[in-house]
Amino acid sequence: MRCLSGIQPTGRPHWGNYFGAIRQYIDLQDDNEGFYFIADLHALTTVRQADALRENTINAALDLLALGLDPKKATLFVQSQVPEVSELCWILMTGTPMGLLERCHAYKDKKAKGLAADAGLFNYPVLMAADILAYDSQLVPVGQDQIQHIEVTRDLAQAFNHHFGETFVIPKAQTLVHGAKVPGTDGEKMSKSYDNTLPLFGEVKRIRKQIMRITTDSRPMEDAKEPEGDHLFQLFQLFAEQEQIDEMAAMYRRGGFGYGEVKKAVAEASEAYFADARQRRAELESNLDYVHEVLRDGARRAREAAALVLSRAKKNCGLQESV
Ligand code: TYM
C-alpha cells in the first residue's frame with residue numbers, strides 16, 4: 001500500500017508526535033511503500049525566522065532517522081523540495097469552497113481567539129490535500145487531530161474526480177487506539193502550541209523535571225483511583241508492557257500510592273524506551289552529509305512520483321502539460 005504522512009518542523013518533536021504518528025511510519029515501512037516528509041511549507045505559517053526553520057528542518061530529519069525511519073525502505077524528503085505539490089495545491093484551491101476551509105479547526109480556533117489569520121493558514125488544508133494526493137497515497141497514518149484535514153482531502157479529491165474524471169486516489173486516515181490523542185503534562189492534548197509537551201530528545205534531566213511536573217488530582221493518597229481517565233496513567237501505558245500496565249492499574253484501584261511513584265516509573269520507562277534512538281541521533285549528528293544525501297535522494301524519488309500525478313491532473317482539467 002502507498003502510505004504518506006508529514007510532520008511540521010515547528011520545534012522539538014514530542015511523545016504525541018511519536019506515539020500518534022511516527023511509530024506508525026516505522027511499523028508500516030516494511031510491507032508498504034512509504035513517503036514521509038518534513039512539512040516546511042506548512043511550518044512557514046508559524047515559524048517566521050529563516051534560521052530557525054532551516055535548523056528545525058534538519059533536526060526533524062535527524063529525529064525521524066534516529067527513531068528508525070529507514071531510507072532504504074521509505075522515502076524521506078522535505079516538502080518544499082517537491083514544487084509539484086505547490087502547483088497541485090493551486091489546482092485544488094480553484095475547486096475548494098470557502099465554507100469548507102472556514103470550518104477547519106486551525107483557522108477557526110485562531111479566529112475565535114481574535115488573532116489575525118493569513119491566507120497561508122486558511123489554505124493550510126488544501127496544501128495538505130495536495131501533499132496527500134500528489135503521491136496517489138492510499139493510507140495516511142496520523143494522530144486524531146489530522147482526521148478533519150484528511151476528510152477535506154477526500155472531499156476535494158472526490159469533487160475533482162467527479163468533475164474532471166478519475167484522477168486522484170481517495171486516501172484513508174489511520175490512527176492507533178492508544179496514541180491517537182496523547183495527553184500533555186496538563187491533561188489536554190499534547191501540542192507544541194499548548195506548551196505542555198514532553199520532548200523525545202533533549203537533556204534527560206530537564207525532561208525528568210517536566211515529567212515530575214505533570215499535573216495530578218489532589219485526592220488523598222489512600223483513595224482508590226480509576227486508572228483509565230488519568231492522563232499520567234495514559235502516559236505510562238505508552239511505554240510499558242501489558243503486565244506492568246495491569247500491575248499499575250491494580251495499584252491505582254487499591255489506592256495508597258503517591259503520584260510521584262508513577263511519575264518516576266514514567267520517567268524510567270521513557271528513558272529506557274528512547275535510549276537507542278538517542279544514541280543513534282548522536283551518531284547521525286556527526287554525519288550530517290549522510291542526512292543531506294538521504295533528503296536529496298528522497299526529494300528526487302518524491303518528485304518523480306508527484307510529477308506523474310500532477311501531469312494526470314493537468315491533462316484532465318485542461319491545463320497545458322509541462323513542456
Ligand atoms: P504535526 O507536525 O502537528 O504533527 C505530526 C503528527 O503528530 C500527530 N500528533 C499527535 N498524535 C497523537 N497525540 C498528540 N498529542 C499529537 N500531536 C501531534 C499529528 O496528528 C501528526 O500526525 N498538518 C500536519 C503535517 C502535514 C501532514 C500532511 C500530515 C502536512 N501535510 C499530509 C499528513 C499528511 C501537522 O501539522 O502535523
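Backbone N, Cα and C define each Cβ position, glycine as well.
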Note: TrEMBL has Gln8, Pro9, Thr10, Gly16, Asn17, Gly143, Gln144, Asp145, Lys189, Met190, Ser191, Lys192, Ser193 binding ATP, and from Val152, Val182 that site also includes Val182
Whole-number mean of pLDDT values that fall within the motif ''KMSKS' region' (189-193): 92
Neighbourhood of ligand 1 - binding-site residues from Gln8, Asn17, Val182, Lys192 with Cβ under 6 Å: Gln8, Asn17, Val182
Report, as a single number, how many Cβ atoms besides its own are within 10 Å of the Cβ of Gln144 (ATP binding site). 16
With H, G and I counted as helix, E and B as strand and the rest as coil, say where DSSP puts Gln144 (ATP binding site). helix
Apart from its near flanks, which chain residues at least 6 from the ends of the motif ''HIGH' region' (9-17) lie with a Cβ under 8 angstroms of it? 38-40, 43, 46-47, 53, 56-57, 59-60, 63, 143, 181-182, 184, 189-192, 197-202, 235, 238, 270
